[in-house]
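TrEMBL has this to say about the protein:
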type	residues	note
ACT_SITE	D289	active site
BINDING	Q107, K123, T222, L223, W224, L225, E294, D309	ATP binding site
BINDING	D142, D309	Mn(2+) binding site
DOMAIN	191-313	domain 'FAM20 C-terminal'
DOMAIN	314-378	domain 'FAM20 C-terminal'
Amino acid sequence: MKLKQRIVLLAILLVIFIFTKVFLIDNLDTSAANREDQRAFHRMMAGLRVELVPKLDHTLQSPWEIAAQWVVPREVYPEETPELGAIMHAMATKKIIKADVGYKGTQLKALLILEGGQKVVFKPKRYNRDYVVEGEPYAGYDRHNAEVAAFHLDRILGFRRAPLVVGRFVNLRTEIKPVATEQLLSTFLTVGNNTCFYGKCYYCRETEPACADGDTMEGSVTLWLPDVWPLQKHRHPWGRTYREGKLARWEYDESYCDAVKKTSPYDSGPRLLDIIDTAVFDYLIGNADRHHYESFQDDEGASMLILLDNAKSIRVSTWNRLNYLKNGVLKSALKSAMAHDPISPVLSDPHLGAMDQRLLSILATVKQCTDQFGMDTVLVEDRMPLSHL
């Protein structure tokens, strides 16, 4: 064989070798990532059921100290949470030492301080479990049980970005009124034989109070994030205008997504993918009203999008988790996760079934995108190590 032919043959073999090596490494990396996703899913399912236990036998720390230490820029609580049951038990049972009107917002809530100085947000029951709100997706009052369900959905999806939530029964006459501020106390009234209050908020009205069953009110309590992690509010890039007849730019401008991807903080870091994760989360819980979102302050787009008041791409890990949850697994997982909550059953079967149906819609939509644009364009590998936090 002539020298020139040998050189050409060697060059071809070298190209084949490099291509094969790169292809194999890429496939090995993908397979390893998928295996880790599967292991993480099985770990989550194994630890899903949370029993509310009264004591932390292995530590002298208070439940509030443990929960505060969990918070880091990319997660509110870690994957392994053996103390979760004790913290949620404390949230559901600790003595209320102060009650005040809730922080700013559109919906009725109360700010409670529990024994040990921990702040929690109390949202009262407004609807029975099987009540269906008619009208726009954002119509009606907030559902307290939806807050509980959303927290456990956050656990199931592996996001770990929602503050801890648990159901709680409170006696308005004996637990709230004796420790209430004048501002909150002035909003109490009696309707029939039921104690009620209407609080202070944008849509709060004396004519639309939340009423207890007698004196006992069912609600949810959300753990307040530590003060060392102040929040920053951002306008959601896909929010609505709130003006009748006026469309948001994303509703008519086909180039809007490209413009968002060139704008800080969406042009680098994980924020844009967090937005997509949140869109999945909101669609599953039926939240059509996330017009703003919160992150930790001064994060330059690096911290997570925090799940409060519960041409795009999607994370591979999110896509894998959603696929693991189809065929009724999501419904079963939620039932298991919420089985020991004080206000169980948290969701009715029709609501659980609706979430399963929404999951199928999400999977079908992403599948349509991958068929049209290809897997490599739609699915983004973005596994951020948390060891440095």
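From the backbone N, Cα and C atoms, a Cβ is placed for every residue, glycine too.
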### Message
Mean pLDDT across the domain 'FAM20 C-terminal' (191-313), rounded to an integer, is what?
### Response
85
### Query
Taking just the CA atoms, what is the gap between K123 (ATP binding site) and D142 (Mn(2+) binding site) in Å?
8
### Message
Cα-Cα, whole number of Å: L225 (ATP binding site) versus D142 (Mn(2+) binding site)?
### Response
20
### Task
Give me the non-local Cβ neighbours of W224 (ATP binding site): same chain, 6+ apart in sequence, Cβ-Cβ under 8 Å, ordered along the sequence.
Q118, K119, V120, V121, P163
### Task
Work out how many Å separate Q107 (ATP binding site) and D142 (Mn(2+) binding site) at their Cα atoms, rounded off.
7
### Task
Tally the residues of the domain 'FAM20 C-terminal' (314-378) by DSSP class, grouping H, G and I as helix, E and B as strand, and everything else as coil.
48 helix, 2 strand, 15 coil
### Message
For each of L223, L225, count the other CB atoms within 10 A of its CB; which of these binding-site residues has the top count?
### Response
L223
### Message
Which one is it, among the recorded positions T222, L223, D289, E294, that lies nearest to D142 (Mn(2+) binding site) by Cα separation?
### Response
D289
### Message
For the C-alpha pair, I'd like the distance in angstrom between the residue listed as 'active site' and T222 (ATP binding site), rounded off.
### Response
19
